[in-house]
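The block underneath contains the structure these notes are about, expressed in structure tokens.
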């Protein structure tokens, strides 16, 4: 009797000692799978759903995304345009005197752009969007890998939550198809994290190395945790040699490509590090912000998901058996990168791109752990608090996604005029004599690239409207093209007289943003200029923050103030 009673009681303490994560069926199954028990019972999400959903959203991003930063245009789209068509703008960073940018990164995108330019010989806009679609495909593959890895290790629910976040949060939507090294680093960080969760440690380190060398050297801090733990966990020699081999090959290739383009032996990766870290110290000339900049920016792009991501460390004591160490290792760069970048004087929104998917992962882990908060306090899963916590999860996720979609919609509708207005140029080639000139004043920073300028326009010129910094110049074939070191470039952001076009009467077209300020716009002089196209553009200064930040049906158009983005044609006096 006694022994039978003991046999009946034996399982009870084992049940009581179970951690909160053990009580969740999906998570218990997943842990049993990792321990070799019940393998095959739940293999997480299949690849088809993440690839399909992410593919659709990244296609939308590629075709509708605005150009968020003039650095994307002048440092990446313009050199690519020059390599394809022998015309385009050059920044001082591409002068062979400074050689801060690697042409290898441009060449990678040229693998898509060159065939597209041959397939669409008369339509450069299609070439532009072909490259964007290529970026969207890379983003889709890397993010789908992360979603599948999360679902196989932590259950389908976490994978589905992460999938929803990656698809609809504004930050990921915009960064996924931006032609920027920080976006390339984001792809590498995403795939490296996925491979780490798949326990493919050698591949994880190789991808991380590629992201640092081909993308952005500073992103080494983002991949550092995964790299270190991959070396610890995997066969050290195999993982180390894999990372070293990838690094040596890519560094050598970068050195060779830069030699071909700059015409001398130079190392752009080292030049960039030297300029920003080892004594150059001039990056602060291009915009400084306070320490709170990235926290405000993170909230703008992820709303409450960003707050939840920062709270990831608070759930570790509750769900440590579930998320420690693997997910904690993957998510840790969010804190490392925010701390490091917030201490730098020069700040840009794009600098946070490498950790955008990790923000989504951290936020979804917190949302998924809501019921765990009540496990230790309320032993029964039937308690009202536990049920409420489970019910709150989809509600919180839905709120975040609705707010994100609303912001994305507001940005696209409010600021897409530049991309649209430049496309109107292709409709007027019959009205203008060959050798026409397109002039741009204060709107130089929204120039969407030479891919939007038809061949019948011979020159694009800057008109002085008060900007005192150094503007890009056309690549100078006479001086050697990519090998040139023009005298008018400097690394101090000092304007030169040559950068502005002085003869406004020689302008065939003019791009202007009319915000209806007290000073008159050129387009209001109907004796000299004819308006060929005008598209509404959100006036940020006069629009309420609530309504300009989020698209609210009916209220958005009523409460915001709009200017007009205009394409003007100069009226030629008749003889």
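Heads up, the Cβ atoms here are built off N, Cα and C, so glycines get one too.
Taken from TrEMBL, the feature compositional bias 'Basic and acidic residues' covers 1-30.
Marked as region 'Disordered' by TrEMBL: 1-37.
Taken from TrEMBL, the feature transmembrane segment covers 103-121 (among others).
Per TrEMBL, transmembrane segment is recorded for 127-151 (among others).
Sequence annotations record features per position, and here TrEMBL assigns transmembrane segment to 158-181 (among others).
The transmembrane segment annotation in TrEMBL covers 201-224 (among others).
According to TrEMBL, the transmembrane segment annotation covers 236-257 (among others). Under 8 Å from some Cβ of the transmembrane segment (236-257) lie the Cβ atoms of residues 102-104, 107, 201-203, 205-206, 208-210, 213-214, 227, 230, 265, 267-269, all in the same chain and six or more residues away from its ends.
Positions annotated as transmembrane segment by TrEMBL: 302-320 (among others). Remote same-chain residues near the transmembrane segment (302-320) are listed as 20-21, 165, 169-171, 295, 328, 331, 334-335, 358-360, 362-363, 365-367, 369, 372-373, 375-376, 396, 399-400, 403-404, 407 (criterion: CB distance under 8 Å, separation of at least six residues from the stretch ends).
Per TrEMBL, transmembrane segment is recorded for 327-345 (among others). Only residues 6 or more beyond the boundaries of the transmembrane segment (327-345), in the same chain, are considered here, and those with a CB under 8 A from a CB of the stretch are 153-154, 189, 193, 196-197, 221-226, 229, 283-284, 288, 291-295, 298, 309-310, 312-313, 316, 351-352, 354-355, 358-359, 361-362, 365.
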With Cβ-Cβ distances below 8 Å as the criterion, list the same-chain residues six or more beyond the ends of the transmembrane segment (127-151) that contact it, or say none.
44-47, 50-51, 54-55, 58-59, 61-63, 65, 77, 80, 84, 109, 112-113, 116-117, 120, 158-160, 162-163, 166, 172, 176-179, 183, 186-188, 190-191, 193-195, 197-198, 357, 361, 449, 451-452
